[in-house]
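Single-structure report; data block below.
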Amino acid sequence: MLSFILSIFPIVLLIYLMVKRNALPSYVALPWVATLVMGVHLLHFNTDIVTISANVVSAIIAVQTPITVIFGAILFNRFSEISGATNIMRKWLGNINPNPVAQLMIIGWAFAFMIEGASGFGTPAAIAAPILVGLGFHPLKVAMLALIMNSVPVSFGAVGTPTWFGFGALKLSEDMILEIGSITAFIHSIAALIIPLLALRILVNWDDIRKNIVFIYISVLGCVVPYFLIAQVNYEFPSLVGGAIGLFISVWAANRNIGLAKVTNTLDNNAVSAGEVVKALFPTGLLIAFLIVTRIHQLPFKAMMNDATIWFSTTLGSLGLFEISKGLIFSLKNIFGSNVSSSYKLLYVPALIPFVITVLIAIPFFKISSSNVKQILVSSLQQSKNPFIALIGALVMVNLMLVGGEHSMVKIIGRTFAEISGSNWTIFSSFLGAIGSFFSGSNTVSNLTFGSVQLSTAETTGISVALVLALQSVGGAMGNMVCINNIVAVSSVLNISNQEGTIIKKTIIPMIIYGIIAALGALFLVPLFYNL
């Protein structure tokens, strides 16, 4: 029990430090909590200093993935502002329909749904949120909406990575993974009838939601129906294709004012020409095109960018073995002589491609001056500084909580919760997945971490394995709402300072409601449609 208390205490302390009255910013709280976890390892778990040091170095390498994505997104958004593309898009969207509910659903729901399907890595909020701020919505509230909306598609984000890769270590059959995907989509589809309304409520009142409810559900079902149907036969494309279909349906319905209350257009949006719109949409279109062609494994680019064949290798003394692969994967292996390794996929991580490359292509296209290019670069680097410190703290904490295999702090937390709940595990299963996402920043990592705990709990209690693993995946997705990495990412892209605790206090409520919906769906609705 002492091991459980010491394992969960850092998470409880982190939440307290970030939501108390005079909350600490994440770039202060996370390094302090990471230091505490280090102390627990040394004093209670008797972990050797080499293992701890190796995991700290590994975390510093691993942090390059989220921070370069954040930098790339900031760079792209700063470019969009300075080039005038954001302003043209704002006017164009205002002309499609000035109703704020329509704009929030098109960009915050359907567009983000599609981007999640292509990329994951927190990019939907990073791309969609600045567009909404450009339309005049409050940045802090937009951050909350973006986090809450980006939950339903997450289990099939980055072309299904949380499902097929997240559960890959469990060596499940193809049919079992497909069944897990099917049940996951079913539970998400139920939640999708309620969660977008809670997200909208942050920015508009219930009366406006009621007046526009027909359009809201056209947009929701436009994404969710194809998403659910595709998940019956495939676990890679539900979010990508569902989001694309839903985006088309949402824009079509908004253009015709279907299900929307008439509102006065308060935007300063003189009619923009088709040429201006095409030019303004060019960077975003290029961005999406890069994401899609580099994520679909039927095309050759994904394999090329993930090619692990060694191209260059050298020993860096006691630090470890440094390697560069043909796919430009930079790796440091056997750090300090341990079995700890870390890597950074320069081409595959959505940073250089698509964000930086898109900006480099678009700069001459928009004839941006050298002084403005310098301003874009300098402001992007400055905006990335605090998230970098916060994410080093987060990843050191995560790495150390995973040290010890079956006896790691994370596994102790998971097993203790499972033992306490016993046969009632269906009710709590999704919340374990959410805890995984909260501290790790990823549905995929949550599934990798807790998949084995969920599997053994299901087998011990006699609950359906497919159902429990589906709830794990749903939990990992809903945990995106409160996930530290995503909150840091969207805050930094929108240039919001020291509001992480405020965001968590708002987003944790819909996350808990999501978990309750998942539990009720698993107990009462899933058995009606699935032979468990």
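Each residue, glycine too, has its Cβ placed from N, Cα and C.
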1-21, 274-294 - the range that Swiss-Prot marks as transmembrane segment:
274-294
So what's near the transmembrane segment (274-294) in sequence-distant terms, Cβ-Cβ under 8 Å and 6+ beyond its ends?
76, 79-80, 83-86, 88-89, 92, 114-115, 118-119, 123, 127, 240, 301-302, 305, 348, 350, 353-355, 357-359, 361-362, 365-366
Counting only pairs 6 or more apart in sequence, are there at least 3 Cβ pairs under 8 Å between the transmembrane segment (234-254) and the transmembrane segment (180-200)?
yes
